[in-house]
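Database features (TrEMBL):
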ACT_SITE  HIS186  active site, tele-phosphohistidine intermediate
ACT_SITE  CYS496  active site, proton donor
BINDING   ARG293, ARG329, ASN448, ASP449, ARG459  phosphoenolpyruvate binding site
BINDING   GLU427, ASP449  Mg(2+) binding site
DOMAIN    14-124  domain 'Phosphotransferase system enzyme I N-terminal'
DOMAIN    150-222  domain 'PEP-utilising enzyme mobile'
DOMAIN    255-532  domain 'PEP-utilising enzyme C-terminal'
Amino acid sequence: MSTRPERTFPAQVASEGLAIGRIALRRMRTLTAVPRGTPEQESARLDAACLAAAAQLERLIGGAEEEAASILEFQAALLADDELLDPVRQRIAAGEAAAVAWQQMMDKQVADYQDAEDEYFRARALDMADLRDRVAEQLAGGGDDDAAAEAGAIYVGADLAPSRFLELDWERYRGGAVVRGSSASHVAILARARGVPLVVGLAANESMLVDGAEAILDAEAGQLIQDPSAETRARYQRRAAERTAEAKLQAVYLGKPAMTRAGEPVLTYINVDDPHALPAIDPATCDGVGLTRTEFLFSGEGGLPGEGRQFGAYKALLQWAKGRPVTIRTLDAGGDKPIPGLTPDGELNPFLGLRGLRLSLARPDVFRVQLRALARAAVEGNLKVMLPMVTRPQELEATRALFETVVAELAAEGTAAAMPRLGMMVEVPAAALNIAAFDADFFSIGSNDLVQYVTAAGRDCDSVRDLYDPLEPGVLELIRRVAQHGRLVGREVSLCGDMASDPKYLPALLDTGLRAVSVAPARLARAKAQIAAYG
């Protein structure tokens, strides 16, 4: 038992849960005395460190979900970018040690990204910092700070990049607490999808935190308790036991259809980021797939995926579902998901630029390949195709016309194909306000972007994270409007964003009249249990 007094550091909940363990403090890396070889030796050290870091990233890309893979690709591409590395080499040639030249140059790059007017670049600052630290670790000898953490530790640090999150063994760590970040950031989304307790915005600095100290991570109230008293520890042990019992009770609902207390059915789908995880999920526990992100096919080396590769991936999803509906979203590139060779460079605001369906219609050569693969897959199961970032009815109709042309071409070739149901994501406020003008077969509300656009607050922007509020009345009113339209015209309306997976928001969504949600697989049992208690 520590003789230090109990200290509580407030934070913001990013992914709910409780954890009791010891702090594994990831300290900010600082330069100490660095041995310096000849410029040739230091240049070779830099090259070796970059190659080792690139190999780490390639391993992570192979097992990453689509959004995380795009971030890892961004980092890997930078390691091959002479524009980034040449200034470091010049400083080495002038006599600096590789570690010093790399650290100081990357510190400036990170600061430039943080100060950028472009929201996309500001959101990438954390990824740049992670790349800096990854190469710096190799230059320092390749030591792994995380390998020394004991089983059951709580990760605590200044920040946590998505690539670092993917690299950590979450069987070893019970949760995490970081100083920077927001509850709508990419790493928060990853944590919720995997059921990892996480808090962000921790009101503490390194000097306040003690590596190895006993701690309680309360990712329900939003706090980290360091050196808890015996009384506090006992209280949280009781709460942890209660949560375990609750999880067992919730698991009872997993195999049952979701239904409110009043007996009203609610369709519960799952979101699929990584098809490799599907074999561990029983399709009978859900009503199908409400969102499949296809960006995973466009990540990695080898260029844009061909028709055959896409068809194989879509067919496998439909076979897993065993007749249940599978909603596949067409490529949603752009914004915070750039794809080399496809998304435009240099847009002042990529989040409001050529992204989603806008990009697909601007690149029919790429879009036709995906539509052909989807048309072929439509004969293999219960396929629904969903279009992202739709703003005007003309975009939906242009896609429908192109799709019908593709189906006719395949038929003329003697290839089995069909026209699937064609729906749209509702994430642009203009579309939500004018929803009656869209002749979609179904609607799916993308709450992550909808909240961002309605509140004019970036989901990865720390300084306005309080404004990014899914319960903002304007957001709920738009959801209510779309749900009401769906009932009037007899078209399904679901919601596939993070709101559906969060117990703070699910009752409010049901209040709007929504009766179909798509959640992270790790949150399915809890969502069904919460629906059963509603009404």
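Cβ from N, Cα, C; glycine included.
Note that the structure is a prediction, hence the values are computed from the model and not measured.
Structure with TrEMBL features highlighted.
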residue: ARG329; record: phosphoenolpyruvate binding site; Cβ contacts under 8 Å, 6 or more apart: LEU291, THR292, ARG293, THR294, VAL385, MET386, LEU387, PRO388, MET425
residue: GLU427; record: Mg(2+) binding site; Cβ contacts under 8 Å, 6 or more apart: PRO388, MET389, ILE445, GLY446, SER447, ASN448, ASP449, LEU450, TYR453
residue: CYS496; record: active site, proton donor; Cβ contacts under 8 Å, 6 or more apart: TYR269, ASN271, GLY290, LEU291, MET425, SER444, ILE445, GLY446, SER447, VAL517, SER518
With the phosphoenolpyruvate site defined by the record as ARG293, ARG329, ASN448, ASP449, ARG459, how many Å span the farthest pair of C-alpha atoms?
21
Just checking, which of HIS186, ARG293, ARG459 (recorded positions) has the fewest C-beta atoms within 10 Å of its C-beta?
ARG293
Mind checking how the domain 'Phosphotransferase system enzyme I N-terminal' (14-124) divides into helix, strand and coil residues in DSSP?
72 helix, 11 strand, 28 coil
Where DSSP helix means H, G or I and strand means E or B, what are the helix, strand and coil counts for the domain 'PEP-utilising enzyme mobile' (150-222)?
18 helix, 19 strand, 36 coil
Number of Cβ atoms other than its own within 10 Å, given for ASN448 (phosphoenolpyruvate binding site):
18
Where does ARG459 (phosphoenolpyruvate binding site) sit by DSSP, helix, strand or coil?
coil
Packing count at ASP449 (phosphoenolpyruvate binding site) (other Cβ atoms within 10 Å of its Cβ):
23
Based on DSSP, name the secondary structure state of ASN448 (phosphoenolpyruvate binding site): helix, strand or coil.
helix
Rounded to the nearest Å - Cα separation of HIS186 (active site, tele-phosphohistidine intermediate) and ARG459 (phosphoenolpyruvate binding site):
9
Need the DSSP three-state call for ARG293 (phosphoenolpyruvate binding site) to compare against my parser.
strand
